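J.: Have a look at this one.
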Amino acid sequence: MDYSYVFLILLLPALSFLVLGLAGMKMSHKVAGLIGTCSLAVVTVLCYYTAIKYFLIDGRDATGLFPTVTAFDFVWIKFSELLTFTIGFRLTPISVMMLIVISTVSFMVHIYSFGYMHGEKGFQRYYAFLSLFTMSMLGLVVATNIFQMYLFWELVGVSSYLLIGFYYPLHSAVAASKKAFIVTRFADLFFLIGILFYSFYVGTFSYDLTAMPELHQNVAGVAWVMPMALFLMFIGGAGKSAMFPLHIWLPDAMEGPTPVSALIHAATMVVAGVYLVASLFPLFVEFAPEALHWIAYIAAFTAFYAAAVACCQSDIKRVLAFSTISQIGFMLVALGVCLPGETSGVDNTVEYADVNGLGYMAGMYHLFTHAMFKACLFLGAGCIIHAVHSNEKMYMGGLRKYMPITHVTFLISCLAIAGIPFFSGFCSKDEILVACYNFSPVMGVIMSAIATMTAFYMFRLYYVIFWGKSYYETHKAEGAHQPHEAPLTMTVPLIVLSAITMLVGIFGTLHVFEFGEFVSANGIGFGTHINWAIAGTSTVLAILGICLATYMYKGEETPVADMLARRFPKLHQAAYRRFYLDEVWMFVTHKIIFRCISTPIAWFDRHVIDGTFNFMAWGANAAGETIRPWQSGDVRQYAVWFITGTVALTLVLLCI
Amino acid sequence: MVPVEAYFVLSALLFFIGVFGFITRRNLIAMLISVELVLNAVDINFAAFNRLLFPEGLEGFFMTLFSIGVSAAESAVAIAIIINVYRNFHSDQVNSIENMKF
Amino acid sequence: MANLVMFCILAVVILGSAVLCVMTKRIMRAATFLLFVLLGVAGLYFLLDYTFLGAAQISIYAGGITMMYIFAIQLVSKRTLQGLVEHLKGSRVLFGGIVTVVGLLTVALVLLKNQFIYRACSVADAEVPMETIGTALLGSEKYQYVLPFEFISVFLLACIIGGIVVARKEKEK
């Protein structure tokens with residue numbers, strides 16, 4: 001049970017950030033990259049060791065649960081006896097799982113970036129920021145309390161901002177980074193208010209309210225506090241996890257380098273909101289099940305909306321971004337549909353005795369599998385962009401001949417996200433659908449439909465990239481250069497991630513690997529079994545979606561799709577423009593907030609507050625300018641003043 | 001017997017002549033000469049008040065004596081400075097050292 | 001009576017020389033008139049029976065300081081100082097005159113408002129004996145001045161050194 005080494009997991013990336021950030025410019029690209037990658041390799045090894053130790057060697061304690069281990073926890077700020085802000089390292093099943101996810105993807109991205117960022121200006125800065133991000137994200141998941149989580153939450157926001165704006169000479173990158181930062185920061189405001197509510201009324205920052213029964217009476221009297229605090233915290237999570245209507249920053253965040261998109265905006269940071277809800281899950285179940293269900297409704301709508309938009313995007317990274325939003329929606333739906341203490345629905349067999357935990361397990365499972373295959377998809381997209389030097393699908397097509405490895409790994413990931421058996425997405429998505437059907441058949445049907453859409457748009461993407469007519473071949477005469485397979489540093493991470501996807505899928509489908517054994521809502525392990533009524537339907541639906549995509553997009557021309565776009569131009573245009581959500585936000589911020597609130601405040605600031613200080617400064621300056629000539633350096637003038645003063649004083653004394 | 005008021009009036013006139021000279025003259029040495037006039041006016045007062053009002057003491061006497069010594073020292077240093085100023089600015093007008101003021 | 005006549009003569013000499021000293025445009029003449037003023041003041045000391053003081057005034061002021069001025073004037077420049085014709089600015093003269101008159105009026109006011117307390121009427125016209133002066137100057141009792149005497153000697157030394165340092169010609173670099 002000795003976990004004293006774990007501080008290294010946070011310290012190494014932090015040190016690497018400091019070294020690269022301070023001395024990076026003095027190093028060559030290779031050295032800087034190696035420092036970042038090696039420190040992360042060590043961190044990855046430590047994370048895996050921790051996971052093996054936690055799950056397999058130490059295992060469950062006497063009560064049959066995985067214990068919550070606090071490796072260290074030191075007090076930073078002490079507000080009161082209970083309300084103490086500590087910084088620590090907490091191991092729970094989900095935090096250990098997140099350690100695996102973050103370290104794996106981050107390590108893969110570090111390796112991948114060697115190839116992708118090769119020769120880029122600011123290579124060292126890039127690795128420094130990656131280290132900072134990894135440190136913050138690891139700190140976030142191992143937080144011992146909500147406040148520490150908030151601290152690291154802001155740190156990941158900053159590193160995300162820095163990495164999105166990595167190509168800062170580009171105006172669009174700067175705008176995107178600002179947008180991401182402001183939108184998530186706006187949501188974080190609610191998070192902070194939620195934390196303040198929670199800590200004020202409950203008197204602790206801890207997640208484990210169940211461990212402190214004496215605190216329950218603090219909230220017993222005021223019923224509205226806990227649901228409100230929890231929902232406010234969820235708004236913070238919704239900002240980071242790009243839930244509707246705060247999702248607008250994520251598609252723009254694709255301006256950053258593609259490995260960054262894979263790491264931050266697909267696998268780790270954007271699921272922070274999911275992780276937050278999962279961490280607060282016991283509180284949600286106990287105090288605010290309605291809030292949990294509202295989360296599910298919001299998430300379902302987001303999933304649908306994002307899937308619809310993803311069907312019409314032409315920028316491949318945008319498609320993946322919307323797909324990410326949609327999949328995070330799936331995870332939050334899974335968490336949201338958990339019912340407290342009921343065993344109802346379509347499947348109340350013994351394995352699902354604790355049926356409310358199924359959604360939790362499924363959500364976490366999906367988080368895990370999604371991180372792997374979506375990172376693989378993004379990195380694959382990075383290879384493609386690297387090869388054709390564009391994000392737009394019109395420059396692609398027919399790439400399967402030129403980029404075989406990318407093609408195969410991309411296909412595996414697409415199959416996984418579509419939910420085909422023997423691929424990891426199948427196992428997790430199927431559990432989510434079961435949980436949804438348990439909650440309500442309507443929700444189940446909706447989510448099945450979205451899953452079908454997922455299969456459709458992912459394969460649309462797959463076909464327009466790898467099939468169809470090749471831009472290179474049709475534009476050879478105009479000097480289009482030949483796409484080529486990415487270097488080894490870029491393909492190896494793809495292979496590793498798709499291998500994980502495959503292995504988890506095969507073993508998961510065959511019930512060799514049971515995610516529920518490790519992560520579940522109440523800590524009691526359980527095995528899943530595939531409900532073929534649901535799994536079969538969803539598989540059939542996924543295959544239908546794939547077939548539709550094949551029919552519409554596989555060929556050299558895409559007559560059906562073009563015809564549909566012509567037939568419903570408004571709908572197509574609306575979906576392409578993301579249903580004008582950005583315009584709505586622009587209207588709200590620019591026309592309403594800026595004009596009605598900011599402008600008067602700015603006026604007040606400029607004229608009244610600044611005016612006061614400007615007047616004081618002007619007064620001091622004017623006084624100085626007035627007195628200055630007196631200091632003339634003319635001795636005779638001083639003598640005159642001296643005599644005048646003496647005479648005046650004498651006269652005054654005479655008169656008294 | 002000369003009344004002390006006579007000395008007093010004489011010294012006051014001498015003092016203000018010196019002040020007038022100090023204010024109006026622009027030459028550094030002329031200003032120094034005016035200062036000497038002022039000092040002498042004060043010395044006369046010291047000596048006369050001592051002699052005519054407090055004849056048993058010698059305080060004014062010694063004050064005058066020391067004042068003479070001090071003014072000798074002051075003149076020496078002042079003339080050294082004036083020579084230096086002249087050497088640096090090639091002028092001995094007061095205005096020339098005004099740009100030393102800041 | 002003889003004293004009064006003597007005083008009047010000395011007063012005329014002093015004031016006349018002083019006025020000429022500050023009004024003259026030639027610096028050499030100013031120095032010369034200063035010499036007359038200093039000699040006149042020495043005469044006043046003699047009149048007050050402070051013979052020693054008068055002697056000191058003549059030897060230090062008239063003999064030493066004035067000579068120093070003249071030397072300085074001669075040394076500095078022929079062109080600037082000896083033949084110097086100063087242009088007195090009318091406005092400045094007016095201003096100095098006003099200050100002077102106001103100051104004099106103030107002093108007159110002080111004089112008219114106060115009375116001097118005479119106790120010296122009985123004092124004989126006798127010279128202060130040299131022995132008294134010497135004892136007071138070098139004694140360390142009450143009303144004796146050895147400490148200021150020593151101070152002023154150190155002070156003079158400091159000023160001599162200071163004068164040399166300040167006036168020393170900088171070595172050409």
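Including glycine, each Cβ sits where the backbone N, Cα and C put it.
Per TrEMBL, the feature transmembrane segment maps to A:31-51, A:94-114, A:150-170, A:182-201, A:221-239, A:260-285, A:291-312, A:319-337, A:367-388, A:446-467, A:488-510, A:530-553 (among others). Feature annotation from TrEMBL assigns domain 'NADH-Ubiquinone oxidoreductase (complex I) chain 5 N-terminal' to A:76-127. What TrEMBL records for A:143-452 is domain 'NADH:quinone oxidoreductase/Mrp antiporter transmembrane'.
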J.: Go ahead and report the DSSP secondary structure tallies for the domain 'NADH-Ubiquinone oxidoreductase (complex I) chain 5 N-terminal' (A:76-127): helix first, then strand, then coil.
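T.: In the domain 'NADH-Ubiquinone oxidoreductase (complex I) chain 5 N-terminal' (A:76-127), the DSSP-based counts are 29 helix, 11 strand, 12 coil.
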J.: Does the transmembrane segment (A:94-114) make contact with the transmembrane segment (A:182-201) through 3 or more Cβ pairs under 8 Å, each pair 6 or more apart in sequence?
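T.: They do not touch: fewer than three Cβ pairs between the two stretches lie under 8 Å.
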J.: Mind checking which residues of the chain, 6+ beyond the ends of the transmembrane segment (A:530-553), have their Cβ under 8 Å from one of its Cβ atoms?
T.: 346-347, 418-421, 426, 429-430, 433-434, 437, 444, 448-449, 451-460, 462-464, 467-468, 509, 560-561
J.: Would you call the transmembrane segment (A:488-510) and the transmembrane segment (A:291-312) in contact, using three or more Cβ pairs under 8 Å, pairs 6 or more apart in sequence?
T.: no
J.: As a test: from A:182-201, A:260-285, A:291-312, A:319-337, pick the stretch that has the greatest number of Cβ pairs under 8 Å with the transmembrane segment (A:446-467).
T.: A:291-312
J.: Within the same chain, where does the transmembrane segment (A:260-285) have neighbours whose Cβ lies under 8 angstroms from its own Cβ atoms, ignoring anything closer than 6 residues to its ends? I mean 6 or more beyond.
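T.: Same-chain contacts beyond the flanks: 94, 98, 101-102, 105-106, 109, 112, 130, 133, 137, 140-141, 146, 149, 153, 156, 159-160, 163-164, 166, 207-210, 226, 230, 233-234, 236-243, 250, 253-254, 291-292, 295, 317, 320-321, 324, 328, 331-332, 335-336, 338, 340, 356, 360, 363-364, 367, 370-372, 374-375, 377-379, 382, 521.
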J.: On the 0 to 100 pLDDT scale, where does the domain 'NADH-Ubiquinone oxidoreductase (complex I) chain 5 N-terminal' (A:76-127) sit on average?
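T.: Overall, the domain 'NADH-Ubiquinone oxidoreductase (complex I) chain 5 N-terminal' (A:76-127) comes to a mean pLDDT of 85.
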